Amino acid sequence: MSHLIAPSVLAADFANLQRDVEMLNESQADYIHVDIMDGVFVPNISFGLPVCEAIYKHAKKPLDVHLMIDKPENYIQAFHDAGAATISVHYEASPHLHRTLQAIRDLGLRAGVAINPHTNVSLLENVIQDTDLVCMMSVNPGFGGQKFIEQTYTKVRQLKELIADQNASTLIEIDGGVNIDNAPKLLEAGADVLVAGSFVFKSENPIHTIQQLKDVSI
Ligand code: DX5
Ligand code: ZN
């Protein structure tokens, strides 16, 4: 399978969100990554349900919703209703992770687990069969435009091994600081999905930048 690209609308122009979503519709993007921050789990507030719904109204690509919030289990139904195709909850915010993943799948959505840079991938050993996607943070969650953490390559290789050991079909998504320089190395290590916010939206020609990321071959 060729890799997938998930541009993050966190870096879009919120006053021209419809225009930016329509740009993504025309691009090679596979998903639209939607970052929800609550100012509690992470030290920043992005946007919430009504904005997710507004994105969904114009989107022709599936929404990949990344919940950087406390008690994500309380908002699964609401984000399903707001148009999510995938919902990722943070390992660090989920004392009942297995139950939450089941609840996401029960709604017919793809279930994701997001892990912070300090979180060891071996902690996913007992839930990998219940996980469609691991959103591996390659920056500390909360802000776009941060510097990529190099340790991520090692973690991708470890996670790839864990997935293979269990014969699971979980996708590995990399989120934070992704650009055209680290993309080949990430794919080589075993990444399946690349999230990119600033690199896409701050570029002169976002459609072309998405194409560039899509065309990376290893
Ligand atoms: C960070 C978010 C990321 C962010 C990525 O907390 O989860 O999805 O939008 O942005 P860049 O690509 O600018 O690091
Ligand atoms: Zn994200």
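Cβ atoms here come from the backbone N, Cα and C positions, even for glycine.
As recorded in TrEMBL, the features of this protein are as follows:
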{"type": "ACT_SITE", "residues": "ASP35", "note": "active site, proton acceptor"}
{"type": "ACT_SITE", "residues": "ASP175", "note": "active site, proton donor"}
{"type": "BINDING", "residues": "SER8, HIS66, GLY142, PHE143, GLY144, GLY145, ASP175, GLY176, GLY177, GLY197, SER198", "note": "substrate binding site"}
{"type": "BINDING", "residues": "HIS33, ASP35, HIS66, ASP175", "note": "divalent metal cation binding site"}
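Feature annotations (TrEMBL) mapped to structure.
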{"residue": "SER8", "record": "substrate binding site", "Cβ within 10 Å": "25"}
{"residue": "HIS33", "record": "divalent metal cation binding site", "Cβ within 10 Å": "27"}
{"residue": "ASP35", "record": "active site, proton acceptor", "Cβ within 10 Å": "24"}
{"residue": "HIS66", "record": "divalent metal cation binding site", "Cβ within 10 Å": "28"}
{"residue": "GLY142", "record": "substrate binding site", "Cβ within 10 Å": "18"}
{"residue": "GLY144", "record": "substrate binding site", "Cβ within 10 Å": "19"}
{"residue": "ASP175", "record": "active site, proton donor", "Cβ within 10 Å": "26"}
{"residue": "GLY177", "record": "substrate binding site", "Cβ within 10 Å": "22"}
{"residue": "SER198", "record": "substrate binding site", "Cβ within 10 Å": "18"}
Candidates SER8, GLY142, GLY177, SER198, namely the binding-site residues, that fall within 10 Å of the residue listed as 'active site, proton acceptor' by Cα distance: SER8, GLY142
Filtered binding-site residues, from HIS66, GLY142, SER198, whose Cβ is under 6 Å from an atom of ligand 2: HIS66
Rounded inter-Cα distance in Å - GLY144 (substrate binding site), HIS66 (divalent metal cation binding site): 13
From recorded positions GLY142, ASP175, GLY177, SER198, the one whose Cα lies nearest HIS33 (divalent metal cation binding site): ASP175
Cβ-centroid neighbours of substrate site SER8, HIS66, GLY142, PHE143, GLY144, GLY145, ASP175, GLY176, GLY177, GLY197, SER198, 8 Å, sequence order: LEU10, ALA11, ASP35, VAL139, PRO141, GLN146, VAL195
Cα-to-Cα gap, HIS66 (divalent metal cation binding site) vs the residue listed as 'active site, proton donor', nearest whole Å: 10
ASP175 (active site, proton donor) and SER198 (substrate binding site), Cα-Cα, nearest whole angstrom: 11
Env. residues of divalent metal cation site, Cβ within 8 Å of mean position of HIS33, ASP35, HIS66, ASP175 Cβ: ALA6, SER8, LEU10, VAL34, ASP64, VAL65, SER88, ALA114, CYS135, VAL195, GLY197
